[in-house]
Every structure is written in structure tokens, then in C-alpha cells.
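**Q** Pasting a structure below so you can have a look.
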Amino acid sequence: MAATTRYAAAISALSVLSAVSAGASFPGYPSCIPTTTTVYTTVTVPEGWKASPAVSESPKAASTCSQQYTPNPSWSVPGVTFPTYSPEKPNPNGPYYNPYNYVPEPINWPGLPKKGQIDPPPMPSGRPLPIGGYSASKYDAPHWCLKGSDLKPALSQQDTNGASQWGLIDCPHLPPYLGPGGGSVNPSTTGGSTPTSKPAGGSSIVQSPSVTYSSPSNSTKTSSSYVPSITSSFTDKCVANDTSAACGKMPDTGVTRKYNFEISYGVIAPDGIEVNGILVNGQFPGPLIEANWGDWIEVTVKNNLPYNSGVDGGEPTSMHWHGFLQQETPYYDGVPSVQQCPIPPGKSLTYRFRADQFGTSWYHSHYSAQYSGGAFGPIVVHGPATACYDEDIGPIILQDWYHKDYFTMLQSVMNNTIPLSNNALINGKMNYPCANTTLPCTPNAGISKFKFTPGKKYRLRLINTSAEALMKFTIDGHNFTVFANDFKPVVPYTTQVVTLLVGQRTDVVVEAVGKAGDSYWMRSEMGNALANDGCSFSDGVSTQAVAAVYYDGADTNSVPTSQNGLTPALKNACGNDPLPLTQALCPVPLAADEDVDTLTVDFTFKSNGTNLVWSVNNQTFRANMNQALLSNVIDGDFNFEKEWNVFQFDSSKKAIRIIMRNFFQNGHPMHLHGHDFNVLAVGFGEWDGTITNPTRTLVRDVGPLPPFRPDINAPAYLVIQFNQDNPGMWPLHCHIAWHVSQGLYFNVLEKPGSINYQIPGPVKQTCQDYDAWTSRNIPLQIDSGV
């Protein structure tokens with residue numbers, strides 16, 4: 001049984017629903033927007049206690065900023081410090097602060113699960129239709145755009161995205177390579193360097209004195225200083241499909257890129273509605289991490305999430321570096337309960353890992369569902385070009401968005417409620433139809449904008465950082481050449497629609513086929529699955545994010561009039577491009593069947609007697625945050641509780657094959673840490689052993705497991721395979737935040753007898769720090785923990 005803290009056992013499932021009328025703005029916090037809406041807040045408190053507002057209601061009504069709850073000061077538990085909320089020191093953030101949360105989620109599972117119930121109830125029958133939003137027969141300009149209006153934003157970037165610069169039309173483009181001093185290297189045979197903007201996020205670059213920086217063979221070395229400018233075109237110098245470099249050995253650059261991150265609460269309004277987010281360096285989305293293939297990346301993450309200036313209260317955090325293999329540093333993967341314990345408030349941890357892949361990825365908190373509240377950012381690792389382009393636009397971040405803080409959404413999920421997203425964002429920005437909400441809303445808050453020059457080719461680095469939504473990415477009137485998925489180059493192919501599951505990345509080249517003065521919509525569509533109009537769970541009001549693409553000479557505040565080419569059939573195709581179409585540019589040879597250890601796991605959604613949860617082979621995952629499993633294994637402790645879902649394999653075999661079968665009507669983007677994997681097959685029923693593209697099997701780190709097919713009464717399957725070349729403890733989980741919170745997660749223990757490293761002292765210290773913090777605070781682990 002997982003260890004509990006001294007007083008955690010006192011917590012019960014008692015929930016109190018209280019109504020607080022909101023009115024005047026809170027003294028000392030003028031940016032808190034007044035509202036006359038009645039606000040409901042759900043709070044879990046220890047059994048026998050009462051919930052009371054920190055500020056009593058008055059005839060004039062309390063502010064929305066006072067909707068926080070704490071045990072009565074007269075109640076106490078020895079040794080436990082509870083956070084308090086004082087009118088003199090208003091706290092506008094925190095897990096329980098949820099302004100304008102005035103109604104429960106509209107769609108619930110019918111009834112509550114009964115003890116002993118095995119099968120879940122049927123999907124809800126009350127399917128909401130889009131309210132003023134898109135419908136299957138209408139694919140034109142966003143419905144909040146009136147003819148003749150413009151897109152001049154009503155809110156500042158600080159108001160919508162904090163200190164972030166994402167989404168602004170003058171964001172500098174990325175260089176092909178970074179120089180050792182922060183400048184760029186232009187990869188050409190005749191040379192020259194074009195400095196570009198420094199990596200963001202409090203970064204610095206350190207070069208090892210004993211190792212000479214080596215740039216790729218077709219580039220010019222530089223040590224130029226930082227000069228903010230836009231990198232120039234290099235199409236005539238690029239080498240497309242340079243498989244010898246792309247599929248070759250990682251260079252050893254001897255360069256370390258250092259970053260400093262602070263994780264904090266912040267009020268943001270990405271679409272014009274204020275939400276309490278979790279920010280990285282005050283930015284949403286977080287700052288870009290940028291490095292060259294073969295560099296070392298060092299990031300110091302400080303948890304600045306305490307409720308007050310002391311060390312008590314707050315919530316822990318962690319940071320995961322998605323898609324990096326961590327073969328040299330398997331203890332810096334960033335998953336609490338596996339490689340480390342959570343970083344408690346006021347503490348820091350420095351992660352150091354190799355940029356062992358090149359391309360596009362992201363980092364995100366792996367503590368609970370924090371990343372869905374904003375604790376994430378993009379990563380770009382420069383490397384060999386496998387497609388020709390003129391300019392690198394940089395990351396284009398696609399995500400769903402909720403008008404509630406992440407903890408409130410998590411409470412809904414853990415209480416058998418289907419969370420419905422309220423909007424979608426591109427690079428953290430989007431407008432919202434204020435007529436469709438009673439929340440305080442600023443119309444035309446601001447959307448992301450991009451500039452194109454006719455005839456040029458642009459690299460777009462697409463990242464789906466959603467909590468739940470599958471995204472369909474298009475630019476009206478333009479095609480894409482796909483050349484990489486999840487850090488791995490693919491044989492290039494052309495498409496009009498790029499589909500990204502949660503956690504996936506796709507690198508594409510788009511040719512600017514328009515003419516000077518033109519403008520087009522860029523779109524990221526999630527749809528409304530409950531209305532049979534797309535693949536994701538939304539409330540149907542705003543199911544599509546848009547950004548504007550302006551050609552040279554266009555009015556950058558004008559509304560594009562281009563038409564959407566996404567047909568209903570494409571919109572409802574809820575999976576990646578067909579496997580036969582996606583072939584690895586750098587194939588990974590498959591081990592022979594006799595040298596493969598095979599595991600079959602079944603995913604089910606059912607009642608545990610109290611809640612509806614996901615299970616792996618009938619076991620729901622729950623983390624013990626006061627320990628790190630990798631440390632236990634190194635210390636010789638192989639006593640794993642069932643709820644930790646640890647699977648062991650035959651270490652004498654070269655490879656592991658996992659057949660994942662889905663017995664419920666939700667698909668799952670399955671992500672493996674510490675490895676890329678070969679996607680052998682995706683289908684329905686029983687896998688017959690046929691491997692798709694056996695000589696060029698698709699390689700990636702997030703694979704698509706389709707939903708159960710009730711029409712043929714057949715489970716879906718996803719078959720993956722990877723070599724046992726990275727001894728350690730590696731999570732494999734669904735990347736939908738709500739599914740992993742409900743336990744759809746298991747650990748792969750790989751070749752424990754070959755683990756010959758020790759956990760660094762600072763990583764071990766996280767467990768000591770977390771033990772000390774939990775001795776004074778009751779952690780709010782209402783979900784699986786990861």
C-alpha cells in the first residue's frame with residue numbers, strides 16, 4: 001500500500017457546494033473583474049469540518065477574488081499548517097481560486113457508479129449542439145468576426161499571455177543552427193553567420209574549455225555575439241533529405257545551454273476571459289528552450305507556487321522534457337514517484353540532459369494535470385535539414401482551453417464528470433464570442449498573426465499541448481509537406497490537413513502560394529464529439545482556433561475571407577495519417593520475433609466502487625509521491641505495490657513488444673518515456689501479426705490507440721516495439737491529462753540488472769524536501785498524481 005502522510009488519512013470525500021455572490025472589486029487587487037454572477041465553488045475538507053469563505057458575505061456582496069475557503073481558525077491539527085486567505089493580503093491564485101465558475105459541467109455520466117459495478121454506464125445521450133458556433137454545414141470565417149471589422153486586439157499581450165511573446169506578428173524567426181555564443185550558424189558551403197535572437201527564459205550558453213565546438217560539416221563555425229535580427233534565406237544552400245547526417249551519429253558539441261525557470265501562479269486571459277494559470281517565467285505559453293543536436297541542456301526549475309511568502313502551503317511541481325531519450329541521464333526525466341519526488345514550494349531542482357534528438361518538442365509539468373493550466377513550453381533542437389525551406393517560423397502551439405483553473409477541472413474529472421473545453425488556442429491566443437457567455441469577457445482579445453512572402457517556403461513546428469483535444473491543422477488554400485513526427489524524420493509526403501494527437505509534434509514545410517496583399521486563415525480544429533462533429537470533447541461554442549496569415553502588403557488588422565477546406569469527413573477522422581503513408585526516413589531494424597518479449601495490456605474504463613477510472617489489466621495507477629521507484633530499484637527494493645503498475649520483462653531479450661487493447665469508446669495517444677518506438681500496427685479486433693511498412697516502420701514517441709468499435713463489437717489495438725537499450729524505469733501512459741489522472745498509466749522496468757548508475761544528490765534531495773513539506777502540509781493528491 002502506498003505510504004500516506006501523517007494526516008492525509010484525515011481527508012475524506014466530503015464536498016461542500018457554496019454559493020458566493022460577487023460584486024465589487026477586491027481591495028488591493030483592482031484587476032479582479034467584478035461580476036454579479038453567482039459563483040459556485042466545490043471544496044474538499046476533512047471529515048467533520050465545515051467550509052467557510054475567507055471573507056464573509058456582506059449586503060454589498062463579496063468580490064470574486066474572495067472565493068477561497070479555509071478551515072475555521074479555531075480548528076487545528078497538531079503539526080499541520082493550513083493556508084489562510086486574508087483580506088489584507090488577497091491571494092488571487094491557488095487551486096481553489098476559480099473566478100466565475102458559476103455552473104457545473106453540463107454533461108455528466110448518468111447516475112453514480114454503484115459499489116461492485118463493473119461496466120461503465122453508456123455514453124451520455126444528451127449531446128449538446130454547438131451554440132452559436134460551427135456546424136457541420138458551415139465552414140467559413142469565425143462567427144465572432146463581423147463583416148468589415150478588423151483584428152486589432154483589444155487586450156495587451158501582457159493581459160492575454162503575461163510576459164510571453166508567442167503569437168505576435170513580429171516574433172523573430174529561428175536560425176538553422178545556434179552558435180556557441182547564442183548567435184546562429186547558417187548551414188552553407190560558403191558560409192557566413194546570421195545571428196538571431198537568444199534563447200528565451202533566462203538562458204546562458206557555456207562552452208566546455210576542454211572540448212571544441214563542432215558544427216555540422218556543411219556549416220561555418222562562428223562565435224558571434226548576440227544580435228537580434230531575422231535569419232536570412234538559405235534555400236539555395238540547403239541539402240534536403242540529408243539522410244547521412246539525419247540518420248547518423250549525434251555530434252558532441254561540448255556546449256551547455258543553461259536556463260532558469262520559475263513556476264508561479266498568474267492571471268491570464270488568452271481569449272479575453274480571465275483564468276488563473278500556472279506560468280513559466282510569467283509567460284503563457286512558457287519560454288522557448290533552444291539548442292543544437294548534441295548540446296547539453298541545463299534547466300533550473302524553481303517552484304514559486306506557495307500561497308504566501310513562507311514555505312508552507314502551495315503545491316508541488318516537476319518538469320518533464322518530452323521526447324528526450326535520457327540515455328545518459330535517466331534520473332532527469334522529471335516524473336514524480338518514478339525518477340524523483342515532487343519539487344515542493346520554495347525549492348528548486350536543476351535538470352541536466354543531452355539534446356539527443358533534433359527537431360521539435362516541448363516541456364511540461366508532470367505533476368497532476370498542471371500542464372493543462374499553463375505549465376509548459378516549446379523546445380527546438382536544431383539539426384540536419386531533411387526538407388528545404390527559406391525560413392523557420394518556429395513553434396506553433398495548438399491546444400484546447402478551459403475557462404476554469406486546472407484543479408477545478410481535475411475535481412470534475414475525479415467526480416465522474418466529462419470535462420468540456422471552452423475554446424482552442426494557437427500560440428496561446430484566440431478570441432471568444434462574448435455573446436455566448438455570462439462570464440466577464442473582452443471581445444476581440446487578440447489572435448496570433450504570421451507574415452508570408454510570396455514564393456517562400458516556411459517551416460512550421462506544430463505541437464499539440466492540449467489536455468484532451470485531437471487537433472486538425474490547416475491553412476486555407478495551402479498544402480503541407482510533412483517531413484518529421486515526434487523528433488523523427490519521415491519520408492516527406494504532401495497533405496492538406498495535419499492531425500496531431502495530444503503530445504505529438506509534426507514538422508511541415510508550407511509554400512507561400514498566395515500573392516502580395518493576400519490574407520488567409522490558419523486553423524486548428526478540435527470539433528465537438530458529443531455532437532458528432534469532430535473528435536474532441538468541447539462545449540460546442542468555439543471549437544476552432546484561428547490565426548491570420550498576412551502576405552507582404554496586406555493590412556495586418558484585416559479579417560481574412562478565405563474558406564475552410566476541412567470537410568466533415570476529414571473533421572471526424574479521429575486518428576493520424578494512415579500508417580502506410582508515414583514511413584521512417586531513418587528506419588530502425590526490428591529484432592527477430594524470438595528475441596522479443598511480448599506483453600498484452602487491456603485498457604478498460606469502469607467503476608472502482610466510488611469513481612469511474614481507467615485501468616491497465618484491471619489495475620488503476622496511483623503514485624506514491626514520497627518515494628522514487630528508480631531509487632528503490634537501485635537500492636535493491638523490488639517490492640512494488642499493485643497500484644504502481646510496474647511491469648518487468650525478460651532482460652535477455654533484445655526488444656520489448658507491447659500490444660495495447662482498448663475496450664472503451666475513447667481513443668488514447670500513448671506516450672513512452674526513455675524511448676522512441678516502432679509502430680508495428682494499428683487496427684481493430686485481434687492483431688494478426690502483420691507489420692505495416694516492415695522495412696520502414698514509423699518511429700515516434702506518441703502513438704494512436706483508436707477507440708473501441710461498438711458497431712463491430714471489437715477492441716482497438718496499437719502494437720509498438722522498442723529495443724532494451726536504456727535500463728531504467730520508464731512511464732508509458734495516455735497523454736490525455738484527464739485519462740492519466742484517472743489512472744491510465746504503467747511503468748516499464750527495463751533491464752534492472754544493467755542499471756549501473758547512481759541517482760545524483762540533488763535528485764534524491766527532492767524526496768527529503770518533499771517529506772519535510774508533507775509533514776507540515778496535506779497534499780491534495782485527488783488523482784493518480786501524474
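Using N, Cα and C of the backbone, Cβ positions are placed for all residues, glycine too.
Caution: TrEMBL annotation is automatic and unverified by curators.
Okay, so TrEMBL annotates it like this:
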type	residues	note
COMPBIAS	185-228	compositional bias 'Low complexity'
DOMAIN	264-384	domain 'Plastocyanin-like'
DOMAIN	395-528	domain 'Plastocyanin-like'
DOMAIN	625-753	domain 'Plastocyanin-like'
REGION	178-228	region 'Disordered'
SIGNAL	1-23	signal peptide
**Q** Would you mind splitting the domain 'Plastocyanin-like' (395-528) into helix, strand and coil residue counts from DSSP?
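**A** Secondary-structure breakdown of the domain 'Plastocyanin-like' (395-528): 11 helix, 64 strand, 59 coil.
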**Q** To what whole number does the mean pLDDT across the domain 'Plastocyanin-like' (625-753) round?
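**A** That region's mean pLDDT is 97.
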**Q** Kindly report the helix/strand/coil residue split of the domain 'Plastocyanin-like' (264-384) according to DSSP, in that order.
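**A** Going by DSSP assignments, the domain 'Plastocyanin-like' (264-384) contains 7 helix, 50 strand, 64 coil.
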